[in-house]
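Engineer: Residues or ranges marked as ATP binding site by Swiss-Prot on the basis of sequence analysis: S107, I108, R109, K188, H221, G222, K223, R227. Taken from Swiss-Prot, the feature region 'RNA-binding' applies to 205-241, supported by sequence analysis. Taken from Swiss-Prot, the feature active site, for NTPase and RTPase activities applies to H225.
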Amino acid sequence: MAELACFCYPHLENDSYKFIPFNNLAIKAMLTAKVDKKDMDKFYDSIIYGIAPPPQFKKRYNTNDNSRGMNFETIMFTKVAMLICEALNSLKVTQANVSNVLSRVVSIRHLENLVIRKENPQDILFHSKDLLLKSTLIAIGQSKEIETTITAEGGEIVFQNAAFTMWKLTYLEHQLMPILDQNFIEYKVTLNEDKPISDVHVKELVAELRWQYNKFAVITHGKGHYRIVKYSSVANHADRVYATFKSNVKTGVNNDFNLLDQRIIWQNWYAFTSTMKQGNTLDVCKRLLFQKMKPEKNPFKGLSTDRKMDEVSQVGV
C-alpha cells in the first residue's frame with residue numbers, strides 16, 4: 001500500500017492540476033536528502049532531476065535500510081505512475097481537493113496487475129482505453145463504482161457462474177512488491193455486475209467455497225468484493241483493514257465500508273467489521289475474530305458443511 005503522492009505530483013494549470021509522474025533519480029535524491037522536520041510533508045525539489053515525493057514517505061521505497069518498500073527503480077514503477085497520472089488527468093482536481101486525492105492510500109499490487117492486464121492482447125483492457133480508465137479510477141479510489149469482474153485487478157480464473165468470478169491471485173513475478181513466499185495463496189471474488197443477485201447463484205458460490213476452499217476464511221476489505229484467505233493470515237488482514245478504515249475516517253475520505261452478503265462472509269469477520277464500523281478499538285474488534293460464535297441457521301436448504309475426512313478439500317494444505 002502507498003499514497004498516490006508516492007507516484008506523482010500536481011502542477012497547477014489555470015484553475016486545476018495536471019499530474020506528472022516521478023522519475024526514479026529524483027526519488028533517489030530525496031532518499032539521500034537531509035530535510036528539516038517542518039518540510040517533511042512537502043514535495044522535494046531534487047534540483048537536477050525534478051520534483052520528488054515528500055520525504056515523509058521514504059519508507060514506501062525499497063532501500064538498503066528498508067526492504068519492505070516498493071522497487072521504484074523498475075520499469076513497472078514508471079508504468080504504474082503513468083497509469084495513475086492518466087486517470088487523475090481525466091478529472092478536474094482543484095486546490096480544494098488535491099490534498100485529499102494525493103493522500104489516498106492505494107494497493108500497489110492491484111495497480112501493477114492492471115498494467116499486466118493492459119499489456120495482455122487477450123484481455124479486454126488491452127482493447128478498451130475507456131475500460132482501463134474506469135478500472136484505474138476504481139483502483140485509486142476516485143470512482144463510486146465497485147470493482148466488478150470486468151474492472152478487476154485480474155489473476156487466474158478458478159470459478160465462474162452467472163453472478164461471480166473467483167480469481168487466484170499471484171504476486172510472485174511482480175516487479176514493484178512481489179510476494180516471494182511460495183506458500184502464499186489468496187483468492188478474490190468479484191461480482192460480474194453490480195446488481196441484485198439471485199439466491200441460486202449465491203448458493204453456487206457458497207457451495208464451491210465450502211467444498212473446495214474450506215481451509216480459507218471469506219472476508220472483505222469493504223470495497224465490494226470478497227477475499228478468500230488462509231485463516232493464519234486473518235489477523236494480518238484485520239490490522240490492515242482497521243488501519244485503512246481509521247486513516248480514511250481521519251482524512252475525511254468518503255469510506256462507505258461494504259460489509260457484503262452475510263451468508264457468504266465468515267461469521268467472525270462479519271462481526272469484526274461491523275464492530276469496527278461502530279467506532280470500537282482494534283483490540284475490541286480483533287477479539288471477535290478468535291471468539292467462538294453461535295452457529296447461524298444454514299440459509300441454504302440442503303447445503304451442509306459436514307464432510308467426511310476423505311471428502312475435505314486439499315486446496316491450501
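Using N, Cα and C of the backbone, Cβ positions are placed for all residues, glycine too.
Just tell me what is around each of these and how deep it sits.
Structural biologist: Look at G222 (ATP binding site): DSSP puts it in coil. Taking all protein chains in view, 19 other C-beta atoms sit within 10 angstroms of the C-beta of G222 (ATP binding site).
Sequence-distant contacts of H225 (active site, for NTPase and RTPase activities), defined by Cβ-Cβ distance under 8 angstroms and a gap of at least six in the same chain, are I146, E147, A152, K188, V189, T190, L191.
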Engineer: At its widest, how many Å does the recorded ATP site span between Cα atoms of S107, I108, R109, K188, H221, G222, K223, R227?
Structural biologist: 17
Engineer: Go through R109, K188, our binding-site residues, and report the one whose Cβ sees the most other Cβ atoms within 10 Å.
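Structural biologist: It comes out as K188.
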Engineer: Would you mind pulling the DSSP three-state label for I108 (ATP binding site)?
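Structural biologist: The residue in question, I108 (ATP binding site), is helix (DSSP, three-state).
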